[in-house]
Amino acid sequence: MTTLAPTRAARRAPGPSAALAVPAAATLLALMNYTAPMATLADTARGLRAGGTAQIWLMSSISLGLAAALLAVGSLADDHGRRRVFVLGAAALAVSSVVCALATDAPLFVGARIVQGAASAALIATGLGIVAASFEPGPRRAHATGVWGAMIGLGIALGPIASAGLAELGGWRLWYWVCAAASAPVGLAALRLPESRAARPRGLDLPGLLTMVLGIGALVAAITMGRLGWTRPSVLGLFAAAAVLLAAFAAVEARRREPMLDLGLFRRPAFQLSIVGALVTGLAVIGVMSYLATLMTLVLGLSALASALVLAIWSGLSFAAALQARRLPSRLPAGRLLGAGLALSAAGELAMLGMSPDGHWWRLAPGLAVSGIGSGLANAMLARLAVGSVPADRASMGSGANNTARYVGASVGVAVVGAIATGQGGGTSGLAHGANVAMLVSAAVALAGAALMMVIRER
């Protein structure tokens, strides 16, 4: 079970509404920051004098920090205090955002973005854990996790809009000053929340933590560097290191009495749904949607801001669908609803086929709408499964595991979409053909995931 620490802050703390509002705002900010550079990559690269290889890391460095840290910070939060880790995450995001704003070269900026990823992991994993600790299982928790899940789709699309708009006012660095300024009140507001942690904290699993963080980090680095050539010795070396480290992590966890990640959870159908569903969502939804604004700019000739605004059709309906998911009858299994969300996402991606240089953005609107509804439903169910599939006192760990799968999947998805889109010939016609092929592949993966969700029995 989870306990609320009887601190002075807890005695004067606000009600559960704040325990939802603060983590939801933090998740929104973290996801906006995750996608913000997509609209300003060219300006950022010029400002930092970044070459082709460095430009890949300008975009992907935050994914490395995020994916590598999610499970670790979630587990640490359950044992040492979710509010404590959350506040440290907000502080780290503020400081690293200032470093991004002041960076004069690519290595410093990339390093700061990796720290931003780890800080965002603290906010995302512990935020959902705080929500789970503040709401008992039932309709109110279903509503709360739906609101939290709605912030994911909203943040993904608002990030490029905000950064593009701010860039027109004061340059690409302005977003990072805004992110730093926004992190401060999030952290201060969290200080008023009651502390929560597991009733029986576990000891520090240092071997498990190190092998997992380094293993996931090596995997994401290999996927990122693979865009320059999958058979390069450095890429193959990173994949080999990831395999060895993750195998070592599994061996360590299997032998520990109190592991960071109980491997026995993988025998639970609900946990399987949470992890596999998150992985497919990253692969087939976040991957293609993260790249779509760039494709609209290059193929349709839209400005960065216009492309981000078109993508807001998807995010707006994703946000609305996740909020409305609480109205669905509680007797409907979350796994089946997750499958329905993935199927709708696939249908929307199929409806977007036909992008061409002489096309119009409104041709994409119906598909964006359908896919947005599906994404919102999927996000709401993933949040519910993340905390409902693990013991009550391991909610942040459950969130961390779920989101690790999501963002590892997203890293693979972005790499695959980018490789397909740019590998179908030169010019806008070749890029348009590549975009359509990438959309078709993403839809196929989403449909396969939807079918799998229907096969796994939740109970």
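Placed from the backbone N, Cα and C atoms, the Cβ positions cover glycine too.
Features as listed in TrEMBL:
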DOMAIN    19-459  domain 'Major facilitator superfamily (MFS) profile'
TRANSMEM  52-73  transmembrane segment
TRANSMEM  85-104  transmembrane segment
TRANSMEM  110-133  transmembrane segment
TRANSMEM  145-162  transmembrane segment
TRANSMEM  174-194  transmembrane segment
TRANSMEM  206-228  transmembrane segment
TRANSMEM  234-252  transmembrane segment
TRANSMEM  273-293  transmembrane segment
TRANSMEM  299-323  transmembrane segment
TRANSMEM  361-383  transmembrane segment
TRANSMEM  404-423  transmembrane segment
TRANSMEM  435-456  transmembrane segment
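Nonlocal intrachain contacts for the transmembrane segment (206-228), taken as residues 6+ away from its ends with a CB within less than 8 angstroms of a stretch CB, comprise 53, 56-57, 60, 63-64, 67-69, 71-72, 75, 234-235, 238-239, 241-242, 244-246, 248-249, 252-253, 256, 259-261, 404, 408, 411-412, 415, 418-419. Mean pLDDT for the domain 'Major facilitator superfamily (MFS) profile' (19-459) in the predicted structure: 91. Between the transmembrane segment (145-162) and the transmembrane segment (299-323) there are 3 or more Cβ pairs closer than 8 Å, counting only residues 6 or more apart in sequence, so the two stretches are in contact. Residues 60, 63, 66-67, 70-71, 216, 219-220, 223-224, 226-227, 274-276, 278-288, 290-291, 295, 382, 431, 434-435, 437-438, 441-442 of the same chain, all 6+ positions outside the transmembrane segment (404-423), place their C-beta atoms under 8 angstroms from a C-beta of that stretch.
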